[in-house]
Every structure is written in structure tokens, then in C-alpha cells.
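What Swiss-Prot says about this one:
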BINDING   Asp8, Ile9, His10, His34, Ser35, Asp56, Ile57, Gly58, Thr132, Thr133, Asn134, Glu135  4-CDP-2-C-methyl-D-erythritol 2-phosphate binding site
BINDING   Asp8, His10, His42  divalent metal cation binding site
SITE      His34  site 'Transition state stabilizer'
SITE      Thr133  site 'Transition state stabilizer'
Amino acid sequence: MRIGQGYDIHRLVEGRPLILGGIRIPYEKGLLGHSDADVLTHAIMDALLGAAALRDIGYYFPPEDERWKGADSILLLQQVVQLVGQEGWRIANVDSVVVAEQPKLKPHIPAIQARLAEAMQLSPKQVGVKATTNEKLGPVGQGEAMAAFAVVLLLER
């Protein structure tokens, strides 16, 4: 049994779509990054890689590599799940939280949960997705960024 944790943060900017857990969320700003900047999916990927002792997402998908420019993070997550499986692990569950002041994410959580579960070949009951605010503190609280945390439990195959 292995436990992994992941974290990611990206700036919010105008002119980019907001993608969380592979779902496009209607909002006037999106996250800035080399790929689609999906903070939630990135945090989950890092948690999976960490639990399997496989380094981090920057090692496998470096931002200076043009192959990953604008990449769909759900496709990257599927590659990470495959890597973890090749190391002899299977995912027992994932728990995650997105930290953002706006937009309100509650209406989108079921779709995000379903998309992430599908990408990891899990039941939605194995994928926890929550949202909270940062109580207007720091860059996330001021609406300048979004962050996400994730924890995963891996079991031997």
C-alpha cells in the first residue's frame, strides 16, 4: 500500500479557457500554463507519481517540451495511470480539493468526478472532488490563481 500527495497552482488570466478535471468551466478567466493548466488533474498526477516513487509530472511532461504545449491533461493523466500500473500498482481511491474564490464549482463537481474516474478507469465513488475558498487570503484568495491538492491510495496489483 502506498499513499501519495500532490499540489499544483496556476495563475488565472483572461483569454484562456478554465479546465478543471478535464471539464471546461464557464468563466471569464482561465489558468495559465504550458499545457491546458488543469490544476486539479496535475495535482492528481503528481500524487499518483509520488505514491509510486516515479518523480513528478515535470519529469515526464517538461514545460520546455513543445509536445506538451496546450496538451489535454486528461490524456497525460491516462499516461500516468499506465505508468503506475506498469510499476505494479492500482488505484484504490483519490481525494482532492480545488481552492478558488470564483467561479463556484459545486454545480460542476459531478461532471469533474465522472471525467476523472473515467480517465483513471475507476468508479466515481473512488474519486473525491471538493472545492473550497482561501477566505480571500493570498493570491488564490485575491482571485489571481487557483490551487489544488490531491491524495491517492495505491494498492499492489
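Cβ coordinates are placed from backbone N, Cα and C, and glycine is handled just like the others.
The model shown is predicted, which means the values in this text are computed figures rather than measured ones.
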Compared by Cα position, which of the recorded positions His34, His42, Thr133 is the closest one to Ile57 (4-CDP-2-C-methyl-D-erythritol 2-phosphate binding site)?
His42
For a quick check of packing: other C-beta atoms within 10 Å of the C-beta of His34 (site 'Transition state stabilizer'), how many?
15
Which residues of the same chain, at least 6 positions away in sequence, have a Cβ lying under 8 Å from the Cβ of His42 (divalent metal cation binding site)?
Gly6, Asp8, Ile57, Ser73, Ala148
Take the mean position of the Cβ atoms of Asp8, His10, His42, the recorded divalent metal cation site. Which other residues of that chain put their Cβ within 8 Å of it?
Ile9, Leu31, Gly33, Ala37, Asp38, Val39, Leu40, Thr41, Ala43, Ala147, Ala148
One should report the C-alpha separation between Thr133 (site 'Transition state stabilizer') and His34 (site 'Transition state stabilizer'), rounded to whole angstrom, as 25
Among all chains shown, work out which of the binding-site residues Ser35, Thr132, Asn134 has the most CB atoms within 10 A of its CB.
Ser35
For His10 (4-CDP-2-C-methyl-D-erythritol 2-phosphate binding site), write down the residues of its own chain that are at least 6 apart in sequence and whose Cβ falls under 8 Å from its Cβ; none is a fine answer.
Leu31, Leu32, Gly33, Ala37, Val39, Ala145, Met146
Can you count the other CB atoms that lie within 10 A of the CB of Asp8 (4-CDP-2-C-methyl-D-erythritol 2-phosphate binding site)?
23
